[in-house]
């Protein structure tokens, strides 16, 4: 995880002032987001129990929050109302997000499946489980809608497939769902929808697998339930053509739709749903003829239900109204008499070994005839439903290229009714298999994996329902379905006998703890609760056979569509028992398990909060029961103790090797070592703590989903970061080219036209007319009129802060700190610190005041440039300027500004009518209409770099002549940094002298001076000024040979080395051994002595010194200044480095080296130390003064950058430069 770094906080920082205006709205964060109620993930509960889980679900349900996580498992509570949480905006908010970034939602599960499909190229599936009415079908619909909306579409065919997939929902709901007591849209069949994707992860095909349609519902329902939706849609919404052609009536006219006394439901609009069904058929591609045949079969089923029977004279069944059978025969396109005969008679054929026996026509009673009638209706509807599913699959398979898939399992929920028969045991068996899958893939498989991979783990107990599945489906020993099949085989002709045989065989399971037998009933202890099943009629339903009479009847039809529904003709020679319904459901369930096992599963556990379908009721007892049988508590415990993600080493490396520079380069996998070591390197380079993962035998286990999401996030950003690096390098290259071109252009322009800032400087000098003395700094070649010294025009600077507080919105032409004279009645005038800012129209004099330890600035004067009449100055080198205003009600400002000449120049440029007056006195209006004169006198007691104002008199030192000209701009040195000066075994040569009396003591001074840092262009220019002339008799405290030349230039060294005689060079080498490598810094600070007087400029940060003062040097700067403190530590401040020499104390001077060559050397030896000092110091290069000027210029430049230090800056402006 990345470490977030915060910038240092300023203690004096305050919140910015609130700005007016109503255009900007107050920032808000997810105002539509509800306040979190309970916990969104049950693994975060403080106590783990069924009751605490139930309480959390209840809080969230009553708050309108129906989704909760257990790790990656989603818990959904049916709200029985529209919460408005399935809009397009909400759907988009989940796209591209992991489940921790957004609240729990079925869209989050959908996004995770689609992301994993693309990221890992593995099949995905979602298993939606729960009892009937818990919301499984709705969850499946929302998943399909999300995937269809999220997946990209680059062609018309892909878009058509997406539309087809969505159209399967209303179509299959109409034919496969019905209203029950618990659910108004209960799935009465199971389906597994696979959405298949191509290599671009676009939906290109689909497939639907159907499981066990509840065809018994076609012929009968319990009170207040309904038949399948399509019957009510068709009877209420059929067109006039269908009503005339197929004789369609209202649902109240048909026995199959009215017997349960519920033909309408408040929350269902059958006519509107019928329109949706017709539209879905059209989208899927059903032709109009196919639609007509489907509705023809539906009409036939409804009219078959209206066939009724009466007893004839022999007590056998007879059709009550033959007009009904005639119309049914018309719809089925069969002979009417053949239909009647098939309904009231049964053909029985006897066999005698291999010989064919006799054929008997056995009449049926009313009960038997009614059963035959219902069997025909059920067979037609069941085969019609399977045909529709096959037809949908045919349309969805039309586009090739399917590679991977996402499967959505929407199957009937667990059912417990008052009377439970064969349909309920099949439904509950399938739910037991799904529960077994959940256990195997989450609980058992997870713990088995930890044990196999040798991961540290504490086993958790759970209930494995495999024993219940074996009780129902096993063959050896036989289970309930096997016992049922044996009973049917034993007494296939008599259903009652078969039921009795089955009841007797149930005694075989009496020893099973999950089974109880009760007369003609038996109890199975399912994971969801105990269910009591009725034996009567169960074996007959298990046969799942249509009588041969009816099969032969259908075979005589002239309707090609009906023939398609019943393709298999009766094979009279086949003696093998056909598969029963139990065999089919076992086969389908095992195939489903195999299919789900091949995909990466996601889970949605749905919960029904009440039996009344009320949006406000929450039945604690009912929900607590579901929490228990769904095993949520065990799931929470395993999730808290386990690992959120596991993956094989190779798959993990393939996914995340980009995160390790040691395993990849430019997107290619480069690691050649062990795959396990690659996993370690990836986790180390991604900065994943060791406690967040464990390495097994073949897999890596990551504990928390946050860590996995962090890895995924880093991987997603890898290519973005690489592209950004390339872009930065390219932009840097382009910028260098631009900068180089601009530099060349600027240089050429300056060569041709001159520098505009220097031109402005020369113009300003001419304004003074050689009347005012010049300060030394104003004569520097580097001096140029840059204008905005406080950087007011920049966005982030102290100057821009001052500008904002003063309310200045114009572009700034000139800005600098200075002083203004403030007069008080009866008291001496005060010099107050001010900031001067000049815009194209106004001169601002800004005052400052400290409020709550923060500096605040306000504009004291706002002077229109056009209102200035005169700018008055004295003829000496002082910095005072009197600004004479026209028709002002306020006194004229008298200001003191180091950059006075530049300010005057800019004012003159903006207003050419301003008069510049220079004379022995300075005049300004101290009061409106009353001129006041200020004298200026030369005084040696005045500060060297300042002046003194007292009693309307300015005291200042003598400056440079008024006609002094600015020096030429010196040539810039190379921009490259010179290599640090390293001391070799040879002694450094002394600088070249103009006379012949040279001495090796000069070379000693080079090595005996201060230890300086590696020279930079700035440090080389900071040389000390020339010492007194040779004729001076000031005594030196020690031989000047000991004083170093602290910053010798490489050129000087080369020149002196070439001019030293060979004998003298050898003498130097013999007398002075090579210096050792630089020793480690000592704890005691070095002592230095002032070689010259340094009175200072009045800046409190400087330390004034007299020649000979000894101080400690604690810090040296490349700008030519050193931080010094007195020996007693009472004072400290900055001093010029060039003014200081190392103090040797009482150490004796080294002996003179032997001279072996020439007489001048002997004469040089005989000179006294003072003469040697003069000889050594008199040869300072002529450019020494220029070096000092450059050093001071560098210092002033530094002060300008650090302009926010007002106290230091205001008094550190040495001169007008």
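Placed from the backbone N, Cα and C atoms, the Cβ positions cover glycine too.
Feature annotations, reproduced from Swiss-Prot:
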type	residues	note
BINDING	130, 131, 132, 133, 134, 135, 136, 137	ATP binding site
COMPBIAS	1-11	compositional bias 'Basic residues'
COMPBIAS	965-974	compositional bias 'Basic residues'
COMPBIAS	976-987	compositional bias 'Polar residues'
COMPBIAS	994-1007	compositional bias 'Low complexity'
COMPBIAS	1025-1038	compositional bias 'Pro residues'
COMPBIAS	1050-1071	compositional bias 'Low complexity'
COMPBIAS	1072-1081	compositional bias 'Pro residues'
COMPBIAS	1162-1174	compositional bias 'Polar residues'
COMPBIAS	1203-1217	compositional bias 'Acidic residues'
DOMAIN	37-716	domain 'Myosin motor'
DOMAIN	720-740	domain 'IQ 1'
DOMAIN	741-766	domain 'IQ 2'
DOMAIN	772-962	domain 'TH1'
DOMAIN	1083-1145	domain 'SH3'
REGION	1-24	region 'Disordered'
REGION	405-487	region 'Actin-binding'
REGION	956-1102	region 'Disordered'
REGION	1145-1174	region 'Disordered'
REGION	1197-1217	region 'Disordered'
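A Cβ distance under 8 Å defines the sequence-distant neighbours of the domain 'IQ 2' (741-766), meaning residues of its chain 6+ beyond its ends; these are 783-786, 901-902, 904-905, 909, 966, 969. Regional average pLDDT for the domain 'SH3' (1083-1145) in the model is 85. Residue 131 (ATP binding site) has a Cβ environment of 24 other Cβ atoms inside 10 Å. The candidate set comprises the binding-site residues 132, 137. Of these, 137 has the most other Cβ atoms within 10 Å. Taken residue by residue with DSSP, residue 134 (ATP binding site) is part of neither helix nor strand, so it is coil.
Neighbours of residue 134 (ATP binding site), defined as other CB atoms within 10 A of its CB across all chains, total 25. Cβ atoms within 8 Å of the centroid of the Cβ atoms of 130, 131, 132, 133, 134, 135, 136, 137 (the ATP site) belong to the same-chain residues 78, 183, 186, 413, 606, 608, site residues excluded.
Of all Cβ atoms in the protein chains displayed, 25 besides its own lie within 10 Å of the Cβ of residue 130 (ATP binding site). In this view, residue 133 (ATP binding site) is surrounded by 24 other Cβ atoms within 10 Å of its Cβ, with every protein chain counted. Using DSSP to sort the residues of the region 'Actin-binding' (405-487) gives these counts of helix, strand and coil: 47 helix, 8 strand, 28 coil. The helix, strand and coil residue counts that DSSP assigns across the domain 'SH3' (1083-1145) are 3 helix, 28 strand, 32 coil.
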